């Protein structure tokens, strides 16, 4: 707690220090129109003292920006200066409080002199000064130039007819403003109804009554031209009846972003009567005025509006304060009640039917008791068959009240003036007319008084009842110079004249008339007095005094003329002198100097530095205004710069002295001396050009129009490639016809191929690229610059334009290379020669060179291999296949005629087999001399098969068997019946053929061998292995080299070649073991083209049966040598034995079925019976083997 109060005190001090007064005012500048009602808000915050703050408004006029002129205050009624006192007191300027710290300044009738810088000040209520106490903003007052006009008319329409009304809306406001236009309909005293409107944001809108019809297109608002707005209602309805007028508002955007309607105007109305197509009718009551004096007449008109009124029946009744006055039936005969019938009889009242739809009530002499409400009622009647009338619908309008005032026996005074607002220096004329009722002998005394803006009253001049004039004390001097005059024009009319008025003459002029009547005793006495006044506003000459410099041509072309206008506002009469001085600031300088001055007495004075302007400048002052025009001819750069005019306003005093009232400086007017507007047009047409290389590319650049016949042109030629971002310069020709090659021409070596030409017509330029290449393809275009000669005789570039593009495609000649596609096959024997032909049927150019390549696809090899190729210069080259297959010495190429190429392969071998074809490349020379491959084609394929000779080797197969005795020799001949080639060689080998296991039986005879072969056939069915054993006796190779002798016969063999086709092998000292089959095997060998021997085929002779007889005979040999004995002993017992076994098994099977019927059903396997397998040999005496396999017998 001890620390709390010090801290609280510190916070309080800090709060006081931190709070400071802040005054804010509406952000300016604000643009408002004359005669409008404006408001400017002002807020104050951060203050101390009472919550309700006071506000004081002041203005700083443009004529004296440093001098404060006080306007109005919420605290001090004497705060306003004299210039504003009258308007403040009259309520035309006042301050409206919004809150205690916020207020609005109201100016109800804004004047041009109200423009300036406004300051809102709040008197201090703080303990000390801290913060801001005032804020300023600018107000600009502009003329109200909005005009809304329409043709006033009355239209009679029938329901469903279309309606079109037009309204002209125009404004001359310099500032950026928006217009809103609305069409409204008004019926009598009802509030207007919006038909359709165009907002300032260009949005169409209608009220709820017309919204649906607008959405359906029944109601439209169209803008025609710049200022005409047309309303269209396509199908009128009875509810559309009324007065149509358009209302326009001009909006401007304030600095805070909000829009403000500166002024609103409405046009004259068009009354539209819509006649319904049904039985409806309307009634309205009209009278001229509602306030009357006793004795005056009044007329009431009851107007009926309906269709076909003559064919219908209506009755009318009149009422006064709900009491019946009179009735009138369809026969138009009035019937009045007793009170009004008496007045009607005296001619003071009349009830009549003026026309079919108009009924009148007239009272010729009103009484005071006639004050009240009047009305009429119209009832439609229907006539029956009997002629009687039945009332139908009845309608009555609103009551019209009138007031009848009693007569006053007094004088009345009327004051009139020649103008309510005059310009300072103009004459003021006032008339005071006295109207009397009776008292023809009365006299009047008149006093003219002036009540100024500060409500101070002063006597100007008075006339007593005896006709004596006397000026007021303040007007003695002016009256002596004739500046103030008063006159009695008629007995009841008095005038006051003030000549060469001044600003201080402004105020309320009052005519005070006193009526004097002579009494019985002859004395004059006042019986009454009346006052009347009129307000006169005198606009100071300097009010709204402004100077504006304008030019219709702020930008002029070389050598042209231009006018400068110095507009003086307002429009002063000729009596008000204004001197005008034109000043000039050349381009690039900071000081102005006087060109010429038009003095107030009409003289002309030239400035010290205007010598260059005198010969080319004309100055003229308008007779009807003080506007001064400066005309300068033959414009050049020296006349470019900023111009300004200075005006001085003078006033002539009543004593013939002069006073300079104000000086105004206009806006800066910058005149730019411009180059001429270009008319350059370059042809934009696009072209597509396709040509074959070595031709010429013709590019045209056409100037369709030019600014001047003296124009020169610089032409730049560009090419754009797809790979480049921008075009590249090829060639430039300047306006002086000089040539410059671009980087592209240098890089691509185009200098020697470019040719530029300007045609005689002058507007066509051509660029030719000779000997076009494929690399010259691209998008070509020209860039044209137009050059003119300035007034200072210097060339300048006026404009430039790019032409349309020419898409150039340079292509190589179309390929016409074509080879023969004939497919072929070729079969040859080894060592022969083959010929492969490649025929060129067509080619692109006779100047082309051909490269011919032969290749081959080998079997089981997917890739092709080059055999050889013939280059473009006719040089023969071997391919990789030639090295592989040793073709280098066997290939030969020739071309017997143009387009025919042959490849010869000599001494062919089997490995040369394959599918052969040729490929031809056609090469052409480019325009630069470089050869390039233009096309290639592949010919039809030729299948080549290289075969070895057919095998024709035959060995004698008919060889007799032989039987020799033991120790004797036997011969094995090998006879070759035919051979495949005379160059062949033979390899011969003799074999001993024995069955496996045959060694146990020893050697067999010929017959035994045959039986053994049958046995071998049976055994082959049971065993897939070869049962024969081959043993080489002797072999002789194709190179005549002997192989080793077989061991059983080693040393017992003798070889002989009896002839080239007969070979003999002799086996000496035969033994029984030599018994058996023998054969000879012959191989035929041939030499390949590479001189290598290969085996062509082989052949084997038939077996030769050799039987070597043993000197001792056995039982076995006896049985085996006798077939009948052999079958009896070894074959017949076996079938008998088999049948016996089968019979036993069948008997046993049946006995088991009878004892065990369900055994098979219980899963016990049935008896499987296999025949016994017997192994026996029909060629030997070994006993047969009986085999019974497992499971054969249970």
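We number each residue from 1, going along the chain as drawn.
Every residue gets a Cβ built from N, Cα and C, even glycine.
Listed features, source Swiss-Prot:
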- 20-138: domain 'Ig-like C2-type 1' (DOMAIN)
- 143-262: domain 'Ig-like C2-type 2' (DOMAIN)
- 276-386: domain 'Ig-like C2-type 3' (DOMAIN)
- 401-539: domain 'Ig-like C2-type 4' (DOMAIN)
- 545-661: domain 'Ig-like C2-type 5' (DOMAIN)
- 676-803: domain 'Ig-like C2-type 6' (DOMAIN)
- 813-945: domain 'Ig-like C2-type 7' (DOMAIN)
- 949-1097: domain 'Ig-like C2-type 8' (DOMAIN)
- 1007-1026: compositional bias 'Acidic residues' (COMPBIAS)
- 1125-1145: transmembrane segment (TRANSMEM)
- 1146-1194: topological domain 'Cytoplasmic' (TOPO_DOM)
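In terms of C-beta pairs under 8 Å, the stretch of 401-539, 545-661, 676-803 lying closest in packing to the domain 'Ig-like C2-type 1' (20-138) is 401-539.
Of the candidate ranges 401-539, 545-661, 676-803, 813-945, 401-539 has the most C-beta pairs within less than 8 angstroms of the domain 'Ig-like C2-type 3' (276-386).
The stretch with the most CB contacts under 8 Å to the domain 'Ig-like C2-type 5' (545-661), chosen from 401-539, 676-803, 813-945, is 401-539.
Over the domain 'Ig-like C2-type 7' (813-945), the average per-residue pLDDT in this prediction is 88. For the domain 'Ig-like C2-type 2' (143-262), the DSSP-based tally of helix, strand and coil residues reads 11 helix, 62 strand, 47 coil.
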